[in-house]
């Protein structure tokens with residue numbers, strides 16, 4: 001029975017149909033960016049201070065500048081330069097009383113302003129920002145700052161639950177159906193979030209977006225890798241992730257033009273409405289249909305692909321039959337990911353590497369910080385470093401393979417973290433270079449784990465395997481802030497030491513995985529279990545066939 005890869009060699013591995021489908025799914029990849037990192041703009045926290053009734057009127061009457069108003073009416077920083085008193089406390093003073101003068105108005109109330117009683121911000125806050133965010137609209141600062149943490153945690157919890165649940169549905173009921181459902185729910189929840197009247201509804205709709213958005217992004221990845229031929233699979237997988245980086249750059253520009261969070265949320269959600277048109281543009285995966293014994297439907301789609309590519313399907317390839325030992329369609333199960341020894345090993349190593357990629361990718365950004373104060377330029381520059389990482393992968397992955405570049409990228413990231421611990425502060429330029437190497441290394445590792453994950457599982461559990469393993473990056477995203485900020489309180493460089501150990505261990509574990517360069521996607525459990533010995537088996541088979549033919553001529 002010919003495989004899908006055999007058929008694609010005749011009808012086109014990356015012709016018009018695949019290019020069109022890849023472009024459409026790459027747009028989906030770019031549109032995932034605002035959900036994954038949109039909190040940078042949707043929930044930015046500007047400088048703020050307590051709003052005190054009467055201060056604005058007194059300032060206008062006295063003709064104060066903003067600096068004078070702050071100096072006279074806002075408490076100074078606390079001990080050790082803490083900003084909390086300035087941002088979260090106010091003088092317990094009635095600013096409407098007429099006895100207050102324009103020159104040092106508090107002098108008549110206390111000889112030293114530090115002796116004046118301070119109280120909480122009962123009347124809200126004043127924010128030094130021309131735009132708005134959920135922080136400024138719902139006052140998620142000071143005692144309510146935990147609500148911002150909850151907002152981000154809700155997205156990661158949604159990623160975790162949605163990836164596992166929707167992954168099972170995608171392997172059970174098909175890639176296309178699940179993709180369209182996730183797009184519809186993502187679009188609806190995104191628009192409803194933009195018009196939500198209060199924080200509670202914003203949180204609920206953000207959670208819903210998390211439940212479906214990452215799963216939709218990964219289903220798109222699975223679809224494009226199943227549509228293209230073997231020789232193009234790695235390239236489209238990498239460029240699909242580069243589309244996410246393009247989304248980072250676009251998000252910075254859109255956020256700059258639209259500094260108000262509701263308009264920004266609505267604008268970045270609207271493309272998902274257009275993605276519903278994919279119902280007429282993208283067919284179901286033939287590989288999945290064959291794994292479910294729906295060979296007639298698979299053949300219709302294969303003929304459609306051949307027609308779009310301007311190719312004819314040879315008669316010898318126009319009948320597909322399931323393996324003899326498969327009597328009924330295969331239903332994916334979570335146990336299939338750990339039932340057999342090799343797939344179990346693959347699952348555990350992949351889960352750890354997803355976790356590592358998330359912790360180091362986000363942790364390095366949090367620990368190093370961004371130079372300057374322009375949030376838009378900082379975000380833009382931080383995204384640019386991801387392009388060289390993708391280029392290096394494209395240039396090396398076919399020459400060297402998957403395993404060694406992947407292991408090396410993890411080790412480079414870990415080594416960069418360890419090296420940064422010993423670089424003195426006065427060599428800031430060297431610290432920046434090492435930090436960029438670490439960021440580039442973990443970006444490569446992130447892209448490699450997504451690529452290889454899809455290549456190590458048989459078709460009927462491929463989607464489930466990718467989504468279950470990748471759910472560990474959501475666990476990493478939840479705990480990374482605690483790793484960074486809590487360990488920094490103990491020793492500023494301690495998070496880098498932890499990141500170094502995690503990265504180096506991940507690189508060593510990658511070497512235990514089989515090389516997938518030049519290999520067809522496994523279709524069955526047996527093929528996935530024997531991935532380390534396909535060349536040897538194939539050579540034995542050819543040898544025996546030649547021997548049988550030669551015997552009659554002796």
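Glycine too: its Cβ is placed from the backbone N, Cα and C atoms.
In TrEMBL, the annotation transmembrane segment applies to 263-282, one of the ranges 263-282, 283-302, 303-322. Sequence-distant neighbours of the transmembrane segment (150-170) (same chain, 6+ residues past either end, Cβ-Cβ under 8 Å): 35, 39, 43, 134, 140, 178-179, 182, 202-203, 206-216, 218-219, 222, 332, 334, 463-464, 466-468, 470-471, 474-475, 477-478. Among the stretches 201-224, 404-423, 429-452, 464-484, the one making the largest number of Cβ pairs under 8 Å with the transmembrane segment (375-397) is 429-452. Of the two recorded stretches, the transmembrane segment (236-257) does not lie close to the transmembrane segment (496-513), with fewer than three CB pairs under 8 Å once pairs fewer than 6 apart in sequence are set aside.
Contact between the transmembrane segment (21-44) and the transmembrane segment (263-282) is present: at least three CB pairs lie under 8 Å, with pairs separated by 6 or more positions in sequence. Taking pairs at least six residues apart, the transmembrane segment (429-452) and the transmembrane segment (496-513) share three or more Cβ pairs below 8 Å and count as touching. Within the chain carrying the transmembrane segment (404-423), a Cβ under 8 angstroms from the stretch's Cβ atoms is held by residues 353, 356, 360, 364, 389, 392-393, 396-397, 430-431, 434-435, 437-442, 444-445, 448-449, 452, 493, 496-497, 499-504, 506-508, 510-511, all 6 or more beyond its ends.
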